[in-house]
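So that you can see what the record holds, here are the features copied from TrEMBL:
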- 5-69: domain 'J' (DOMAIN)
- 144-226: domain 'CR-type' (DOMAIN)
- 144-226: zinc finger (ZN_FING)
- 157-164: repeat 'CXXCXGXG motif' (REPEAT)
- Cys157, Cys160, Cys214, Cys217: Zn(2+) 1 binding site (BINDING)
- 174-181: repeat 'CXXCXGXG motif' (REPEAT)
- Cys174, Cys177, Cys200, Cys203: Zn(2+) 2 binding site (BINDING)
- 200-207: repeat 'CXXCXGXG motif' (REPEAT)
- 214-221: repeat 'CXXCXGXG motif' (REPEAT)
Amino acid sequence: MADKNPYDVLGVSKDASQAEIKKAYRKLSKKYHPDLNDSPEAETKFKEVSDAYEILGDENKRKQYDQFGTTGGPGGGFGGFGGSQGGYQQYSGGFEDIFDTFFGGGSGGFGGFGGQQRRDPNAPRQGDDLQYTMDLSFEEAIFGTEETISYKREQDCHYCHGSGAKPGTSPKTCSQCGGRGVVNQTRNTPLGRMTTQTTCPNCHGSGQEIEHECEHCHGKGREVVDHRVKVKVPAGVEEGQSIRLSEQGNAGKNKGPAGDLYVVFRVKKSDIFDRKGAEIYFTLPINFAQAALGDEVEVPTVHGKVSMKIPAGTQTGESFRLRGKGAPRLNGSSNGDQRVTVKVMTPKKMNDGQRQALRDFADATGDNVTEEEQNFFDKLRKAFKD
C-alpha cells in the first residue's frame, strides 16, 4: 500500500488537472464503495482511492508529493503515501472498525469514549420555528380579537416536490460518503490515531448528489411562499407575550413535521389609560369645588362609563377602586380593577369676582392672605401641586 503511486491508483497522468483528478476519484469511489460493492477487495480498493485523493485532491500536498514522493517534505513527518505515520487523512465511510475502535465500539484503543450516533441524512426532520410580531390596539389586547396574518415561510418546492432535481430526474447517492452524509477524518495524536466524523463536503450532509438541478429552486428543494393563518388572540394578553401555533413554521424536510409559529404581541398604548397586568389606571381631573364639596361624576373605563362618588374634602392624589372594571385575567374567569386617581385642577384664570370669593373663603377659614404677599390662587396651586 505504501509503495503505490496515487496517480496510478486513480488512473490519471501526472499532468492531469484538478478537475480530472476529482472526476476519476468520484468514479472509482462510487465503484468500490463498500455500501455499493460487496466484493471482498472493495473496501481495500476504496481506501486506496480515498488515500490517493487525499494527496492529489489537495494542491499543496500534491506539490509535496511530486517533489519529495511524500506529503511531509524532506525527511518525512507524514510518512509515505501509505500513511503509517500519517498526520491527517480523510476516509469516506465504510470503516466501522476504525471508527468503533476510537468511539465506543470494537476492540482496544479509546473504546471508553461512549460512542457517537450517526444520523440518517434522509430521516424526517422538523422544520424551523418562526416568529411573527402582531400589533394590537389597547382594547384588542384587553378583549381579544381574531385576525388573519400573512408571512413568508419555506416549503418544499412545488416544481420538484422537494428533491432539488429537475423533474424527470432523481438525486443520486453521494459518491464521496455513500449516502451517509458524513465522512470519517483520522488524525494522529500523541495518544494514537483518532477518528471523528464531519459533514460530507461533497453533498453537505444530504447524502445525495444532484446532477440536473431544478430550474425553479436551483437545487435547494425549497421555496419561500406567502402563507396566511388565522390567529385567535385571547382576552387579557400583554405586551411581549406570545402564543404558539403548531406546525405553522417552515415545512419539515424529508416529510418531517413543520416547525411552529410564535406570534409575539406588540400592544399600542392608550391615550388615557395605563395598564399593569389586569389592573387599569386612570387619572380623573376634578375642580376645587368638587374636591371640597364632593360630587358624583362619570368615569370612563374600558367597559364603558360608570358613575363614581367623590367624597367631600378629597385631596389630590387620592385613589379610588372600581372593582371588576380592569382587564380580564389571562386564563382566568374574572377581571382586575380600575384604579382612579384624583387630580384637583387649580384654575389658571379668574375674574375679579372669583378672586374676591376665594379671599372671602380664606378669611372665613382663618387664613390671612393679602394680594401683596401671596394671593390665595398661588397658595392653592402650591398646595395641590403634583
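Cβ atoms are placed via backbone N, Cα and C, with glycine included.
Please treat TrEMBL annotations as automatic predictions, because they have not gone through curation.
Positions of the features from TrEMBL, shown on the structure.
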{"residue": "Cys157", "record": "Zn(2+) 1 binding site", "DSSP class": "coil"}
{"residue": "Cys174", "record": "Zn(2+) 2 binding site", "DSSP class": "coil"}
{"residue": "Cys200", "record": "Zn(2+) 2 binding site", "DSSP class": "coil"}
{"residue": "Cys214", "record": "Zn(2+) 1 binding site", "DSSP class": "coil"}
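Against the repeat 'CXXCXGXG motif' (157-164), stretch 214-221 shows more Cβ pairs under 8 Å than any other of 174-181, 200-207, 214-221. Burial estimate for the binding-site residues (Cys157, Cys177): highest at Cys177, by number of other CB atoms within 10 Å. Broken down with DSSP, the domain 'CR-type' (144-226) shows 0 helix, 39 strand, 44 coil. Within the group of binding-site residues (Cys160, Cys200, Cys217), the Cβ with the highest number of other Cβ atoms inside 10 Å belongs to Cys160. All protein chains considered, the CB of Cys174 (Zn(2+) 2 binding site) has 27 other CB atoms within 10 Å. Considering only the binding-site residues Cys174, Cys200, Cys203, the residue whose Cα is spatially closest to the Cα of Cys157 (Zn(2+) 1 binding site) is Cys203.
A simple way to gauge crowding: the CB of Cys203 (Zn(2+) 2 binding site) has 24 other CB atoms within 10 angstroms, across all the protein chains here.
Using a 10 Å Cβ-Cβ cutoff, Cys214 (Zn(2+) 1 binding site) registers 22 neighbours. The two recorded residues Cys214 (Zn(2+) 1 binding site) and Cys177 (Zn(2+) 2 binding site) have their Cα atoms spaced 23 Å from each other.
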